[in-house]
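**Student:** From TrEMBL, here are the annotated features:
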- Asp67, Val70, Gly72, Asp74, Ser76, Glu89: Ca(2+) 1 binding site (BINDING)
- Pro166: substrate binding site (BINDING)
- His196: heme b binding site (BINDING)
- Thr197, Asp243, Thr246, Asp251: Ca(2+) 2 binding site (BINDING)
- Cys35-Cys116: disulfide bond (DISULFID)
- Cys68-Cys73: disulfide bond (DISULFID)
- Cys203-Cys232: disulfide bond (DISULFID)
- 35-306: domain 'Plant heme peroxidase family profile' (DOMAIN)
- 1-20: region 'Disordered' (REGION)
- Arg62: site 'Transition state stabilizer' (SITE)
Amino acid sequence: MPSELRLSQPIAAHPKPDTSYGTGAHPGLLQLFLCPNAEAIVKEAVRNATDNNRGIGAGLIRLFFHDCFVRGCDASVLLDATTANPEPEKLGIPNFPSLRGFEVIDAAKAKLEKECGGIVSCADIVAFAGRDATFFLSNGVVDFKMPAGRYDGRVSFANETLRDLPPPFANVTVLEAMFKAKGLDLDDMVTLSGAHTVGISHCSSFADRLPADPSDPTSMEPALASSLQQRCSRGGDPVVVQDVVTPRDLDRQYYQNVLDRKVLFKSDAALLSPQTLKAVEHNAKNPGKWERKFKDAMVKMGATSR
């Protein structure tokens, strides 16, 4: 997709701050009035992508998360490198080269500019795409309204990704603190971690969990650890699915995987901690419970502005 469709270029809508409407009305309502097909256009782009590769849907959910956790949900994760700023967020260690879905945002943005140029912010496109990917990967089960009205940011630094994005080796205390810094509570953290039920991971992100440590009650289940060690020892940095049971579907299986110690990251295993174990058990055992909470948590995260 041509680079002029990226947020770093003048075509992007609603940079911070934006007072162009001058009416005092909520920008999200004005956006929907001025571009009523906006959400349908984004949904079509996400549908086309996930029909071809469901992994891109997982990437779009992660893209939304990584955008919101650094400077709020402002699409600054889309900014390309420039001479003035050669290291934007997208080149940060947690994002490059693993972050996916940029081409879907570009496709939606291109169509939106033809339909109603300069109206829909890239930040809202990222949020809608994360919502729509959730819908398709859950096979229509997790369906919800995502408020609009976000502004696009124009500041983006790679070094802020390490500061703000929870690392895969974080313990529950670190996770709770990092989510709290974004206005999200402990249960939001447990709920949003459920997105690890889809997608892939590079072996380097969980190499510290291999081989399984029999003295650690949260260590990886031995058979899974052995299988992963064989795959990850082939050279390079291979990728593996995050959910070995239902890898293509966004569902509550992640929480049963946590209980069975069939998860990849230390941050996943950390949910076996006393302060989060009950929530994990409830999500695993009660159909529909996690799905309802995930809707609310996605909307709450989508309102993050810091």
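Each Cβ is built from the backbone N, Cα and C atoms, and glycine gets one as well.
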**Student:** At the level of the C-alpha atoms, what whole-angstrom distance separates Gly72 (Ca(2+) 1 binding site) and Cys35 (disulfide bond)?
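**Tutor:** Cα-Cα, rounded: 24 Å.
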**Student:** Quick one: pull the CA-CA distance for Asp74 (Ca(2+) 1 binding site) versus Cys68 (disulfide bond), whole Å only.
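**Tutor:** Cα-Cα distance, Asp74 (Ca(2+) 1 binding site) to Cys68 (disulfide bond): 7 Å.
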**Student:** In sequence order, which residues at least six apart in the same chain have a CB under 8 Å from the CB of the residue listed as 'substrate binding site'?
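**Tutor:** Those within reach of the residue listed as 'substrate binding site', by Cβ under 8 Å and sequence separation of 6 or more, are Phe69, Val174, Leu175, Met178, Phe179, Ser267.
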**Student:** Take every residue in the domain 'Plant heme peroxidase family profile' (35-306), average their pLDDT values, and give the whole-number result.
**Tutor:** 97
**Student:** Have a look at the recorded positions Asp67, Cys116, His196, Thr197, Cys203 and say which one has the shortest Cα distance to Cys73 (disulfide bond).
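**Tutor:** Smallest Cα separation from Cys73 (disulfide bond) among Asp67, Cys116, His196, Thr197, Cys203: Asp67.
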**Student:** Near Ser76 (Ca(2+) 1 binding site), which of the recorded positions Cys35, Arg62, Cys68, Cys116, Thr246, Asp251 can be found within 10 Å, Cα to Cα?
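**Tutor:** Of Cys35, Arg62, Cys68, Cys116, Thr246, Asp251, within range: Cys68.
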**Student:** Measure from the Cα of Cys203 (disulfide bond) to the Cα of every one of the binding-site residues Val70, Glu89, Thr197, Asp243, then give the nearest.
**Tutor:** Asp243
**Student:** Rounded to a whole number, how many Å is the Cα of Arg62 (site 'Transition state stabilizer') away from the Cα of Thr197 (Ca(2+) 2 binding site)?
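**Tutor:** So the alpha carbons of Arg62 (site 'Transition state stabilizer') and Thr197 (Ca(2+) 2 binding site) sit roughly 12 Å from each other.
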**Student:** Going by Cα-Cα distance, which of the recorded positions (Cys232, Thr246, Asp251) sits nearest to Asp67 (Ca(2+) 1 binding site)?
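**Tutor:** If we rank Cys232, Thr246, Asp251 by Cα distance to Asp67 (Ca(2+) 1 binding site), first place goes to Asp251.
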**Student:** Listing them in sequence order, which of the recorded positions Cys35, Cys68, Val70, Cys232 have their Cα within 10 Å of that of His196 (heme b binding site)?
**Tutor:** none
